[in-house]
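Q: The structure that follows is given in the form of structure tokens.
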Amino acid sequence: MATTPADNEAVDDTLLEMNWGTLTVAGGIIAAFGIIAIAFPYLTGLSLTVLLGFLLLGVGIVHGAALFSTRGWKGRIWQLVLGVVAVLAGLSLLINPVVGLATLTVLVIAYLLVEGVVELVASVRMGGQEGSLYVAVSGVLSLVLAGLLWAGFPASAAWAIGLLVGISLLTTGVSMMLVSRSGKRLTQEFDASISDSPKA
């Protein structure tokens, strides 16, 4: 439904000033990291530990970059929280590459739990903003994946960890791109309503 001049007062000015293109790029990069993880699901031991360590570091940096380009967005805080969690998790994996897969599984579960909770909280804080549903769905999926790992399913944790983390990163990146698309559409509808409104 197009935005009408009567609705203009309800549009948050900060949403109109945001750089939605940067959020799209950030989401695309995070989704790309997820695809990389999914492409190598059978890596085990130290190789998987080091790979996930670098992936989480990269994700943290991307979240940090997106943080500075989304001022005014109510879901901005989850960028910061996820970025810090990803960096800390990645550093712990790289500093202790000989840790067993059991420890790695615990770290991944913790990351997925925090990611899911933070995204659900972010979707609530976003209120009725465009894209809040996408963020909520991403959070629910992260919690479901964490639950599957915690329950010991699937049994082959060596490949399941890489696969599940990749899926989680992919859904997070896609949700960010969908939020950006919704924001762009809202801005375009607002601009069109201003152009079509009678001039005084």
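Heads up, the Cβ atoms here are built off N, Cα and C, so glycines get one too.
Remember, predicted model here, so these are calculated numbers, not experimental data.
In case it's useful when we look at the structure, here is the feature table from TrEMBL:
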{"type": "TRANSMEM", "residues": "20-40", "note": "transmembrane segment"}
{"type": "TRANSMEM", "residues": "46-68", "note": "transmembrane segment"}
{"type": "TRANSMEM", "residues": "77-95", "note": "transmembrane segment"}
{"type": "TRANSMEM", "residues": "101-121", "note": "transmembrane segment"}
{"type": "TRANSMEM", "residues": "133-153", "note": "transmembrane segment"}
{"type": "TRANSMEM", "residues": "159-179", "note": "transmembrane segment"}
Q: Quick one: find which recorded stretch in 77-95, 101-121, 133-153, 159-179 has the most Cβ pairs under 8 Å with the transmembrane segment (20-40).
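A: Counting Cβ pairs under 8 Å, the winner is 159-179.
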Q: If I count Cβ-Cβ pairs under 8 A between the transmembrane segment (46-68) and each of 77-95, 101-121, 133-153, 159-179, which range comes out on top?
A: 77-95
Q: Quickly jot the same-chain residues contacting the transmembrane segment (77-95) by Cβ under 8 Å, restricted to those at least six beyond its ends, or write none.
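A: For the transmembrane segment (77-95), the far contacts come to 49-50, 52-64, 66-67, 70, 104, 107, 110-111, 114-115, 118-119, 121-122, 125, 135, 172.
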